[in-house]
């Protein structure tokens, strides 16, 4: 009986997950018929003209996540090295608890702070580049950096603590300094775990919706001529998530192709975050071996 | 040279840690300072008036609690079932790893994806329209990994000797599950649920198309077309288009209440998590 | 001091390492106290005694590895070449370079065999490629590992047997040119054959190095040490209760605790 129930509930859950993936593949089929590969490579999205190119949104999603990662990674690694390698155990636990609690702050609260504070700071700070407003890709990236910082710190700290202390003691016994021990023992041996921390944080950044929605400007079809043009960071943009969170989702349902295009965005997002999360967990796991 | 490197690393990393902690503590401080004045008994017990500029957030709180309790009710049997299948009933490592990987991946699925999924299945196919139940089901799906993984970790930590002792008394697997494993690992369900609820309480993306509206809903009377108000969605809407100062202070107040709710849920989950930490470090 | 055995080293040579009134406390409670001894260059100095008497702690106080264990406080003094190692301004890392340590469980780093040998040395000194190769060969030869691993220096060190790993750890310490090597029950995790190899090494190494060894194994103490200090618990605190040349302590112990310990060991 217990066994049957366990299996039953598991199958319900697994069925729901299968249904989830199935729905996204199936419902997005019309747009793949309509656009083909152009759905991913196309740079224009005008739903009234039935033109659905998602490249600017993919660009926005990736750029915003990368800005976040570039800002948060050094800070997060630094902080994790300090908590794991320098702080005594009790203080370390206290700091870790604090940081983990803050990892749970809802994204709408981050979004609120972004809209009421960060937006103006960014606008004032970069005034001489004449941004149209404080709603920019950069604003979203900076906000995301703060949001993923706890993830990076706490996972990197775990990875560093996973390195056996006998190794550290042996290195100190040879006369290496504390810093040399960190750089030659702890970091190299924890590198898979640190990589996993980055990937899982990246996954979170790619999928974050509400905070990004509130500060990214939601400007369609904004793709710079040069992919690495920094000025474009100070323009409003659109990410996959901010598009999905907008009112277009409600309008689109009646129209097969248009709805397919919206669901297709969710499918792209699912593939991106799924890949990154899978890589991240697989990456972290093998470090135990 | 070696000495200065030694000092430099300590100083730089200490600085990073300080910045990280200051950023995050500062964030809570800002919310508390701005939202504090707006929060009083009336704020929690009155309903919204004047598009959020007056009144309180009573029905938003109620709506959020309805969503959370329905999500938990649906999630618990599924998550416990999954954890038991992974730890007790599956015998081979291959399928086990597959199941775990699936859970980790599900954990990484963005909230908005769940939202769109719920919109298609419950709102459109089932024809419920915006309903508290679609929201509850979607949130349940979202927090399954948190609860299941937390229970799995606890099940793994149950000492082998208890299982062996119970088996030695002639108990079968199902009896061992009820007599030994679940009582010993129940803390994992509690911790996982609290953390899952903390996450679900703050999410807007899964419920914005499925369950929640900005104003004009009280207690739901059925399933079809019975949306609820909710706290995070309230903040989300007000944040977008409100520069009215009186709305402003209410807005910060709502954010403070939401933050307090989420932190409260994570803080009561804390002791048992710390215990697990201690055990892991021995 | 008994005259049962000839002093292995002339006693008029200045001690290389000496402890004076050394005491280690943890959380206000003394673990070991009033430790006094001198180790002459080229001596193998054994620390024996029941487990829990604080031998390992004492050993860690000799190159200030105890500093890294939270809550331990060391008072009294340890002198290396007559210089206090607890004096303010002491370069602790340079000290640990001169006073190396071999642990109970071998700790190899997850890199190649050659990299393990060079792990400390290449960071402490500037070494050319040629010097590195020479150093690897020298250290591995000294630790009697060269013939076993010379064809696979680039292979991962973790693949070695535990006994080989312990000799690799020794090579690593020899490569940083330690003068004194502290050994904390270096053979307790090893099989008899590897134990024998390590013991032979100790006897050979004392031509150029000074060794302080903690051991549980009385017959091992008899085989390798020149001088023995017996650490026993008195009133709940570890103390050196008897210190003399090897045979004197083992064959003709004077002190009640030592007699008791030897009769059980």
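Each Cβ is built from the backbone N, Cα and C atoms, and glycine gets one as well.
Sequence annotations record features per position, and here TrEMBL assigns domain 'ABC transmembrane type-1' to A:58-280.
According to TrEMBL, the transmembrane segment annotation covers A:7-29 (among others). Residues 259-261, 263-264, 266-267, 270 of the same chain lie 6+ residues outside the transmembrane segment (A:7-29) yet bring a C-beta within less than 8 angstroms of a C-beta in it.
Under the heading transmembrane segment, TrEMBL lists A:57-81 (among others).
Residues or ranges marked as transmembrane segment in TrEMBL: A:93-117 (among others).
According to TrEMBL, the transmembrane segment annotation covers A:137-155 (among others).
Here the transmembrane segment (A:194-216) has Cβ contacts under 8 Å with residues 60-62, 64-65, 68-69, 72-73, 76-77, 80, 107-108, 110-112, 114-115, 118-119, 134-137, 139-140, 143-144, 147-148, 151-152, 155-156, 159-160, 187, 236-239, 241-242, 244-246, 269, 272-273, 276-277, 279-281, 283-284, 287 of the same chain, all six or more residues outside its ends. The transmembrane segment annotation in TrEMBL covers A:194-216 (among others).
Taken from TrEMBL, the feature transmembrane segment covers A:259-283 (among others).
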Q. Sequence-remote contacts (6 or more beyond its ends) of the transmembrane segment (A:57-81), Cβ cut-off under 8 Å?
A. 40, 45, 99, 137-138, 140-142, 144-149, 151-154, 156-157, 159-160, 182, 186-187, 194, 197-198, 201-202, 205-206, 212, 216, 222-223, 227, 232-233, 237-243, 265, 268-269, 272
Q) List, by number or range, the same-chain residues at least 6 past the transmembrane segment (A:259-283) whose CB is under 8 A from its CB atoms? A) 21, 23-25, 27-32, 34-35, 39-40, 45, 47, 52, 54, 57-58, 61, 192, 195-200, 202-203, 206-207, 240-241, 243-244, 248-249, 252-253
Q: State the non-local partners of the transmembrane segment (A:137-155) in its own chain: residues 6+ outside its ends, Cβ under 8 Å from one of its Cβ atoms.
A: 60, 63-69, 71-73, 75-77, 79-80, 83, 96, 99-100, 102-103, 107, 110-111, 113-114, 118-119, 122, 126, 193, 196-198, 200-202, 204-205, 208, 211-212, 215-217, 232-237, 239, 284
Q.
Can you tell me which parts of the same chain pack against the transmembrane segment (A:93-117), counting only residues 6+ beyond its ends and a CB-CB cutoff under 8 A?
A. 79, 83, 87, 139-140, 143, 146-147, 150-151, 153-154, 157, 208-215
